[in-house]
Structures are given as C-alpha cells and as structure tokens.
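To start, the structure under review is shown below, and the notes come after it.
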C-alpha cells in the first residue's frame, strides 16, 4: 500500500511476486507499466487510467473495482468443469463433452496470464490509443479549426483595417471575431496533440493532463467562449441603448464608452478562466482540458461548471429580452432611431445561433448535476469537442456571407491596395485625406445625415457625398 505518497518513480526490483499494489494518490508517478513488470499481479490501483491500458485493449475489458478482493481459491484449486465453462461459455448449450487434453493448453495459458483488476479504468475521457477516437470527430474538429481561424481573420481584417467608419456595433462584431479565433486556436492545440500521439496516446496522456500545455489550452478555451458571450451581450445592449438614445437625444453612445465596456467584458472573462488555475474547477480532469463535468469528476469541477453555465444562461436571457424589446419598438414604426439595419440584423443572427448551440452544453451540465438522464460519455465528449466550439466558425461565416458591410470594407481595402501600388508617391496625401474623411464622418450625427439626404441636389451636397463613396447600407434607414 503506497497510497498518497510523493513517488516519482517505482523501483521494480524484487516486486515480481507481488499480487496486490495500491499506487493511487501519487500524481508525479506517471510512468506506464507493462505486464512483464508484475507477472503475478491480480489487483492494481494506479494514479492514472492510462497506466491500465497495458492490461487491456478497451474499457469494457476492465472490471471496475476499488476494493481489495481476496480470492477464495487459487486457479489450481478451482473446479476443472467450472474453469471449462468460464473459458468456453459458448459450449454450455451444447450436449457433448470436451476432451480434457484439448483444454490443457488453454488452462495453462490462463494461469500464466490471469485477469488483472486495474483501476481506474480507461474510457472515452481516458483513451488508450487516440484522443479523438472517431474519424468523424477528428475531421469535424479540423474543419472547425480551419474555418474559425481563417474566417475570423478575414472579419478582423475587414473591420479594423478598412478605412470606412468604425461604428460601436461593428467594433463589437470584430471583437467577437477575435474571441472566436482564440477558440479555434485552442481547438487546434487539441488537434495537434491528437495527431502527434496518434495510436499511442496512453504514453503521453498523464503528462499532457498535468502539463502546462493543457492549462494553456483550457485557459484559452474558457476565456474565448466567455468573452464571446459577454461581448455578444454588450452588442445587444448597445443596439437597444443606441436606438433609445438616438430617438430621445439625437445621438448614440460614443465608441470610447463601448471600448471601455468591452475591456470590462474581457476582464470578467479572464477572471473566469483563471479560477481553475487556483483549484476552483480543474483543467486537467480530462485530456480535453475543459472544466466541464465528466463521469467520476470532482465536485469542485461540477460546481464551477454550473456557475459558468448559469452565468451564460443569464447573459442569453438578457440578450433575448433586450432584442425583443428592440424589435417591439421597431414594429411600432420607430425606424428612424436605428440607422444601420445590417448590423442590427447580424447581431440578431448571432444571438439565434449562439443560443441554439449552447443549449446542448447547458442540458448536459444540468443533467449531470441532477442525474436526470443517462448520457453516455461518448455523447458528452462529442458535444464538448464539436458543438461547444461550433459558434466560433459559424459566427464569421454569417458576417462574410450575409452582411453587406464585409463587401463594402473588402472593396475599400482592395481600392486602398491598388492606390498604394499605382501611386506610391501620393500615399501620404491619400492617407491624410482618408483620415480627415473618417474623422469628419464619425462626427456627423445620424439625424444630420438624414437631413443631408433630404437636401436638394441643387445645393451640391449629393455630389460631394458621392465623391466620398459612403459604404452602401451604412446610412439606409430601416424599413418595415
């Protein structure tokens, strides 16, 4: 009994005749064992389930038991007929006897390789061969990684590098894209671990769970998911407040205030991601490095997950109530308060997709807490690997495919690049002109813009606006 010690290695000299061994509670002892190390072992309790992989090929092979079970009789004293029925259960229904000489080699082989009770047993969250045990999940994770990194990179480039006016909602959409890109990066780390340990994950599973790489992956995943939800909540609240302020006071909240609120959202996300590093939750409970409940998980991990899910559900309820109120005001005919229909509609699509995809995660958390439904570990693992990061690749696709701002910003970026390549000598003047245009456009209130479009063409205002090439859809009032 070597439970709860500080063993780093286990000397094997003189332990060949050992039959029972308890090594649980030694987190630094992660070296794998082989059958040759303990030829007479019957009951083995190790710190990590990966160390039991040498005694079976799948989790169903193991008989899960954490007790010291004493055999009443040795294999030599067992009834030969009973041993025969155990070795050949399919012959119990037959009506003929087997020759004892035919059974002798099998009896000797079973004596040489007895069944070993090894705990904890491997499973979907403690795999022996592959981190992603299904090619469908493996391909889905790689697709999510590629789409989230590339598409969110395009959204960030279009939002922050375009010379067009950066509205508060547009800034928040770009910030959400940055958080979604971090989700793709954390998924890429898991995909790389799966590729590098393909076929022999048990050799590195314990070191990966307890290493710094797993903690970094978990921190990025929690920080990115929480930042995306908090920023989406801020975007919905900003749309509603902006409509109310424009209708009542003729101006909307400034970009500086929205940036300050976004920094607060990032700060809250950092606090949520740091807590598991201080034993409030756990990143190393599984090789997925997520603080979500797994079978036979710690109570602290479950409590942290419930608090996280409750916070996210409160955010989604706030988002839903805010947007219902906004749309009710729009149905009353108050369309003049909302000048950017495309971004309001895009935030609505983000709310719908993120709420819909977060429902399975919340359902798994509450069902695990209350033991309402029997959900297999394979289903839980699939949801955490595929459904949880899925908004990170769907959010940018909604912006790239359906939002007219992306086409306008991409066109302006191409024009900017062509102008720099064709007229390098006039870059300084063009930049000064664009910067002055951006600052001038940012200072124009939405009510003034409406008056400009109502001004007769004889005053010469319309040609001036056309020469500056305002983005389409940016200044079109909402229509019912």
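For all residues, glycine too, the Cβ spot is worked out from N, Cα and C.
Annotated transmembrane segment per TrEMBL: 135-160 (among others), in sequence order. With a cut-off of 8 Å between Cβ atoms, the residues of this chain six or more beyond the transmembrane segment (135-160) that come close are 166, 170-171, 173-174, 177-178, 180-181, 183-185, 187-188, 190-191, 194, 381-382, 385-386, 389-390, 392-393, 395-397, 399-400, 405-406, 409-410, 413.
Residues or ranges marked as domain 'G-protein coupled receptors family 1 profile' in TrEMBL: 151-399.
With a threshold of 8 Å between CB atoms, the same-chain residues lying at least 6 positions outside the transmembrane segment (172-196) that come near it are 130-132, 138, 141-142, 144-145, 147-149, 152-153, 155-156, 159-160, 208, 213, 216-218, 220-221, 223-225, 227-228, 231-232, 234-235, 238, 258, 262, 269, 287-289, 343, 346-347, 350, 385, 389, 391-393, 395-396, 399. The transmembrane segment annotation in TrEMBL covers 172-196 (among others).
According to TrEMBL, the transmembrane segment annotation covers 258-281 (among others).
What TrEMBL lists as transmembrane segment is 301-326 (among others). Sequence-distant neighbours of the transmembrane segment (301-326) (same chain, 6+ residues past either end, Cβ-Cβ under 8 Å): 222, 226, 229-230, 232-233, 236-237, 239-240, 243, 272, 275-276, 280-282, 285, 291-294, 338, 344, 347-348, 351, 354-355, 358, 361-362, 365-366, 368-369.
Residues or ranges marked as transmembrane segment by TrEMBL: 347-367 (among others).
Among the features that TrEMBL reports, transmembrane segment is placed at 379-402 (among others).
Same-chain residues lying 6+ beyond the ends of the transmembrane segment (258-281) with a Cβ under 8 Å from its Cβ atoms: 168, 171-172, 175, 179, 215, 218-220, 222-224, 226-227, 230-231, 233-234, 238, 291, 300-301, 303-305, 308, 311. Same-chain neighbours of the transmembrane segment (379-402): 124-125, 132, 134, 137, 140-141, 143-144, 147-148, 151-152, 154-155, 173, 176-177, 180-181, 183-184, 186-187, 190, 221, 224-225, 228, 288, 290, 292, 294-295, 346, 349-350, 353-354, 357-358, 360-361, 364, 368, counting only residues six or more beyond its ends whose CB sits under 8 Å from a CB of the stretch.
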